[in-house]
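Structure first, commentary second.
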């Protein structure tokens, strides 16, 4: 990855904010391992730089969704434990062993297939975390008998290590009894067998709202980056999280639309009076979606409307006359009260803050801020 970039749109990522949020969870759960979830490119922030900074601040365990994500971390010097939360094709089992990556066991059948695919030349250990489906209805084992049988199979092989067991809450960010029911179901199943080194069930919402003394690890994701899983969670907790992302574009051109002139595809905006517009070199290919037409961005402290359709690579904004090329524009801000907060963008897009962040594409340079230090990552120039 290069430390150069040649475009006027980029992300600012506050690594100190991420480290502060990590410390929040370490303080809330002092006797538990914090498995920092850095899947989906660390929710859009950049998994390598985030994981490296978290390791420097005490992280010892990461969770990702795919083996590819785990290998990316290994290739860039991340030596901490890594768990793949998704399902690895059984034929690729040796690659996980080679890179010392723990895997999720979603079913007895998967385990049997995985064992068949371990080459005779492999002598390294394979760490396994069994996934229990306690109500999410996705991956995992639903009954105690099968869970016990899977453990028995693992114990037959010296190379296999039953390292963990976990489940995932479906409604931890909402009011209701389902999360408590899932937690008790999880405890009941785990208590019917030998206990592994790691027992974990709390996502960001669960980690903020629940104690879960039965568990000895937590898996915060979105909240590591400074964002609450829902408004309900934000209102229920007194924990202060620090948002870590800004999305910035610099004006590349200004011009005046005369009355009757239109702008962008479909000519959906037509000026009624002489109107100054600014062109921003960012669009839906960067994760700033077409639905953001009609929203507002911060131009030199002025709230300015996005007019016309957002294009693949460009966005048009109605601005004061004094705005000029080179001026900085905030499209997403790292202040929760800002009109450009991630939550405001999520509401405009009829989605959740997770998706807004994950949509920020890899073609955007990431500028990382660590105190007075500044680092640039451009994944297009490797």
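Placement of Cβ uses the backbone N, Cα and C atoms for every residue, glycine included.
Here's what Swiss-Prot has on this protein:
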- 39: N6-(pyridoxal phosphate)lysine (MOD_RES)
- 39: active site, proton acceptor (ACT_SITE)
- 138, 312: substrate binding site (BINDING)
- 265: active site, proton acceptor (ACT_SITE)
Rounded to the nearest Å - Cα separation of residue 39 (N6-(pyridoxal phosphate)lysine) and residue 138 (substrate binding site): 18
Fewest Cβ neighbours within 10 Å, where candidates are the recorded positions 39, 138: 138
DSSP three-state assignment (helix, strand or coil) for residue 39 (N6-(pyridoxal phosphate)lysine): helix
Proximal but sequence-remote residues of the same chain as residue 265 (active site, proton acceptor) (Cβ under 8 Å, at least 6 apart): 308, 309, 311
Cβ atoms near residue 312 (substrate binding site) (within 10 Å, other residues, all chains): 11
Three-state secondary structure, residue 265 (active site, proton acceptor) (per DSSP): helix
